[in-house]
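For reference, Swiss-Prot has these:
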{"type": "ACT_SITE", "residues": "GLU210", "note": "active site"}
{"type": "BINDING", "residues": "HIS53, GLU56, HIS147", "note": "Zn(2+) binding site"}
Amino acid sequence: MDNFLALTLSGTTPRVTQGKGAGFRWRWLGHGLLELTPDAPVDRALILSAGIHGNETAPVEMLDKLLSALYSGSLTLTWRVLVVLGNPQALAAGIRYCHSDMNRMFGGRWQSFAESDETRRARELELSLETFFSSGQARVRWHLDLHTAIRGSHHLRFGVLPQRDRPWETDFLAWLGAAGLEALVFHQAPGGTFTHFSSEHFGALSCTLELGKALPFRQNDLTQFNVTSQALSALLSGVETSTSFSPPLRYRVVSQITRHSDKFALYMDAQTLNFTAFAKGTLLAEEGDKRVTVTHDVEYVLFPNPSVACGLRAGLMLERLP
């Protein structure tokens, strides 16, 4: 299965759907779904996902290179892994999504959207995770969902962590730092993201990794993400990652800006970068009689997008943590 990406993009079913790699077994579970199981018993399970948005191609190319290293034997596998290319049709078309944003649909929220390829795919991915985690006795469960951002950012690489009732494990946060993430953003409320689903339903340590900016296939400068690729290689092979990195800055979400109607106006232009700072009292958005202003001394914007569909998030406001 050294042509997983090509098969996924073409929508082709392989003639052989399971086989042996270098020290592991592989199973093709469906378009964009590949399970890898080491020959030696392991108690760690990892979801590696990318392509939930079809125009975010750099992480897909990164995963393809990791798979090539595993099949060639230059990389040893020490985790059970489910590789997920989230939205094959959108990836093939080079668009963010075909009908609706799948990363708002998980946790059963797909039932609230008009039926589409994305709602069916979200349901399929939920079932795939349930099957994967229930078929083993993993003591450690991780989910790394790789993305790129629509906008530029004051932090080239950053992570977004779902709301979680328990403290985050230090080795997980340390690995995120070793992977080159410059900032970590902690959600304070549930959401429809893939990582919130895996965390809430299966207890996985989950993070959405935002790596640079969305570009078409073969236009990505993957050298920008060498540190992340190296950390992923070390993780898969069970090698300790470097500890000589600057700890990521930490932020928490303090509010969400939501577009409810065509009267919505977001007062940020197309050049506003992620993590741009705004002072207390700054008017951020208006919608009819409703005004959204900065309530803390300083807040930072994440994912500003004035053109989202009504009812969806037009931005998150953050505060820095000590």
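A Cβ is built for glycine as well, from the same backbone N, Cα and C atoms used for every other residue.
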Alpha-carbon spacing, HIS53 (Zn(2+) binding site) to GLU210 (active site), which is rounded to whole Å: 12
Cα-Cα distance linking the residue listed as 'active site' and HIS147 (Zn(2+) binding site), given in Å to the nearest integer: 5
Residues flanking the Zn(2+) site, with Cβ no more than 8 Å from the Cβ centroid of HIS53, GLU56, HIS147 and excluding those residues themselves: ALA50, GLY51, ILE52, GLY54, ASN55, PRO59, ARG96, LEU146, THR148, ALA149, ALA214
Where the residue listed as 'active site' sits in the secondary structure, as DSSP reduces it to three classes: strand
Sparsest-packed among the binding-site residues, when each Cβ's other Cβ atoms within 10 Å are tallied, from HIS53, HIS147: HIS53
Neighbourhood of GLU56 (Zn(2+) binding site) by C-beta distance under 8 A, where only residues 6 or more apart in the same chain count: ALA50, ARG96, HIS147, THR148, ALA214
